Amino acid sequence: MEASTAKRRKLSHGGGGPAFLAGASSGSASSALIEATQELVNDVQVDYGQAFEGVDQTLRQFKETIEALEPHDPELITKITASFQKNEKITVPYPNPRPAKDSPYKLSFAKPSQVNVVGSYQLRTMVRSQPDMSVDMIVVMPASIFQDKDYRDGRYFLKRSYYCAYIAAGIRKSAPSFDIAFDHLEGNQLLPVAVVRPKGTKSDKKGYAIRIIPCAPDGLFPTAKLGLTSSNTKDSTKPTPFYNSTLRAESLFVPYLRLLNNAAKSCPAFREACMLGRIWLQQRGFGSSLSEGGFGHFEWAVLVALLLQGGGRKGEAVLSSALNSSQLFKATMQYLALTNLQKKPVVFGSQSAPDSLRQNGPVVWDAAREHNLFFKMTSWAVNFLQQQAKWSLAGLKSDSLDQFDSLFVVKVDQMLQTFDLVVKIRSTAQCDDSGGDTSRGVAWDFAERLHRVLKRALGDRAQLVHAVLPKHTAWSVTANPPGKKGGDILIGVVTDPSLVARKMDLGPSVEQKEEAAKYRDFWGEKAELRRFQDGSILESIEWNLDSERSIPEQIIRYAAKKHFTLQGDDLSFFGANSFSKVAHLSYSDAQYFSAARQGFESLEKEIREVEDLPLHVRQVAPVAPELRYASLHPPSPASRLPMDIALSFEASGKWTDNVAANQRLKMAFLLKLGASLGETNPEIKTHIGLEQVNHDSRNIAFLDVSYEDGFVYRIRLQSDVDEKILETQLRNKQLDRQALQDAAESLAICKRLYTNLPLHSQTLSTWCTRYPPLSDSIRMLKYWFSCHRLASHFNEELIELFALRAFITPSPWQVPTSAMTGFLRAIHLIARWDWIDEPLVIDHSESITAADRSAVSAQFHELRRQDPRMNRVVLFVATSHDTTGTAHTRNGPSRVVANQMTKLARSTCEAVKNKGVDLDPRSLFQSSLKHYDVVIRLNSKVLKAMMRDDGSKHSQFKNLDKLHGESGPLPLIELPAKTLAKQLNAIYSNAIVFFRGAGDDNIIAGLWNPEIGTRTRKVDMPCAYKPDGEGESLQVDREAILSEIARVGGDVIEKIEVKGTQ
């Protein structure tokens, strides 16, 4: 939910990269995005004079202080450290492992050769929304304090740490109005820096920090010794690429400063492109820190500068300096998405020995400065970065998306919204036995090995496996640096929904001896040799599909225990399975939906085979949520609630021109159909029922078809002339107002039953088949609406459309791959939707054109102009089948309920953001009754008794019951609790706004309507009133209304609780 400081734009244009890259955008779309991004850049620019008031004077003061520090000759590290820490009360922040007591190394201090300001403050590419405002001041240490071999075994970093502590002591003495602490530069434990802040400020937008960064002079060590394949530790002969790249980067602050300043001079839009890149990365949780992926604003800026100079196939520049900022941004993002950064090094410039660039991680080699720009990135981080770039580009290519919001406004760094399964590994369980380059830290090394094992173990079940390292924190200058083990490591998994529940994994055949041996070595006793029906003999693994733990969790637990001896308590799992349990969803539910669908297909076949009907059947359309895989509860043969079907015949001139007469004809058709079905299939029982008797122009009858030991279906019959008759009545200006209103209401009901619902059901069925997680996402969202007692105000189709929107327009994510991510993104959509000023357009058929969108927008604004208080339509939701926007919202919700929906959705998103992976899913579905004025508790025993029987009298002798009719109860029209809620709402909606969940919710809550307070006596009062003391004023008679409610409910109501009373 967190967004940047920019206002939300309403864009409906497609976009891509510049013309010289794939996916070029149209001129109008590109110009719209250019305009929006330019406005964003203007909005987020930092007022440096205000945000960094007095910082230039402070920097000069620090520079003078550092240059005036007293130098001293080399002394043994043990002696000088003890003396310094005793006198200055500052602990030297040596990296782990700290120097031994008998270490022969000597330390000294001399005046720096250069003090300079670098970074985004100097480049002027900061933005107001960035979490930490800091100024980087480098202190170039003189070459005289180093020896030729100091690049080995961490000697340089020991001297650098002492130099940093010596500067910190001097700053603390000369600037008592500042707080000073140590931190690791971008989380690199080899590089402590001094962080200075004005007293009374924190690392937020209200204050700034100055990072004092000791670094090496250019050319201090030979670059040949710092290559990616060199080893610079005495304990191992393995290459130390991270150590070497860190040491090489120490002498590149000034060269990269020149590169970026030259790029800013040659390309006018360079700075703005860097600002856009910073915002895009920031919204996705990327940064230069190791824990944030190792790719932040600095890496983005350098990459853009390098692309302005080269990077093409023949060394030509990929980017042109004539491009504007949005074109530079999109082209750089395309470069990240389309370039192979995993399998081979990417080289800028000429490199004479490409074999020297081989390493496990990604390599983007800057040949001019002989440095790997991506040295802080892991394989999983660069893969995730590329995935984010691809998702963003996919959003730019679709005209149906709000491109600007998906790129720069929506915050997409929440793990539960991105990953289907998240695993937390406790810090105490992390072990360091890599035997290689350990300078990155225990957490990095452990995560790298764990990621490699889990990626292999999950195989094609996982589309993406990502790791998040613990964040680094600053520490007091009087304390020791944080230990080797940091915080917990998080593993995020994006699963393949079509493969995630696969029970059997197949390995190599018995003839492939080498591969089979590796397979058994990896899986151990879990691997078994099996013979299959086709005669093949394969290594295989069988997982437990009936376990409470999902198969990915079973795989991760087994692999972690076998390869890292991690026990159950060391791992915590968060994700789809926990959410599904809360919402009472199960893998086995799918078979019930399939059975209901098969039953419908059998019924359709039997209906079409009936030969003695006067008209031929044109369509048998399922319209019940159960038949489109979208009901809250799975269909059950034991349920007395039928599933709705719409039946239509071929066009005929035999229908009358009177809607009421046609309703009687439809009843005769249904009677005939029921008799014919009973004759052809003895297992079928049919019952004709009356839906309502108050309106002759609306459907009055239905046919319930029950299968013995099977499902119940309810058939309603469509007359193809009814809509035309009602439309003709609406055009008749001679009819009175009441008649026109009845015709409009009847027409809306007719269209909903026989046009909108069949099309909607067909659409949902198609999309649920295409995206298997959609069904459970819809059901989970309905459960959320039900738990918060909003379900009674929303058509089920509307809730289904909210979930569908998260799948068909997923940007800035990919399509959800689990019920949890689909649910959370649908909630995110609801929370961000400004329904007062924006229509919601759901193009589920990909048929809505730009002209259609303009027409929808015009219709929406005309509706708001005619009804500014939103008394008629509150939510405007247009679809491919209904561009009027009111098909599913005509009867609600009200503005009060819509506001409640938005508040609850925002609270849900806030909980997801604040709690992260520690979120208890149950908390998202818990709703308090304290804020309601009235709580009506229903008697569950009475409701269950009503569900078991149809209310008819029975003899005490069962054989007499059989003589007088069928023994089983008739199907229900609807749940008794729902019937009561509808009756109460019809009678008392003027006085009370009722809230109730779906299905078996036994609580009806209510809020008194504040708009009908004290009134004077008049005819046609909205509800019961009583005298308000003296005078003629009246107040709502709440006691009388509640007494009437108790009388209407009878035994169904167990208790009525009133706020403020016992």
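Keep in mind that glycine also has a Cβ here, set from the backbone N, Cα and C atoms.
Here the domain 'Nrap protein' (135-266) has, by DSSP, the following mix of helix, strand and coil residues: 53 helix, 27 strand, 52 coil. Here TrEMBL flags 135-266 (among others) as domain 'Nrap protein'.
Broken down by DSSP into helix, strand and coil, the domain 'Nrap protein' (269-410) contains 71 helix, 12 strand, 59 coil. Residues or ranges marked as domain 'Nrap protein' in TrEMBL: 269-410 (among others).
If you look up TrEMBL, you'll see 416-564 (among others) marked as domain 'Nrap protein'.
Taken from TrEMBL, the feature domain 'Nrap protein' applies to 585-769 (among others).
Among the features that TrEMBL reports, domain 'Nrap protein' is placed at 771-926 (among others).
The domain 'Nrap protein' feature in TrEMBL is assigned to 929-1056 (among others). Helix, strand and coil counts under DSSP for the domain 'Nrap protein' (929-1056) come to 44 helix, 29 strand, 55 coil.
The average pLDDT for the domain 'Nrap protein' (771-926) in the predicted structure is 93. Under DSSP, the residues of the domain 'Nrap protein' (416-564) split into helix, strand and coil as follows: 54 helix, 37 strand, 58 coil.
Taking every listed stretch (135-266, 585-769, 929-1056) in turn, the largest tally of C-beta pairs under 8 A with the domain 'Nrap protein' (416-564) is reached by 135-266.
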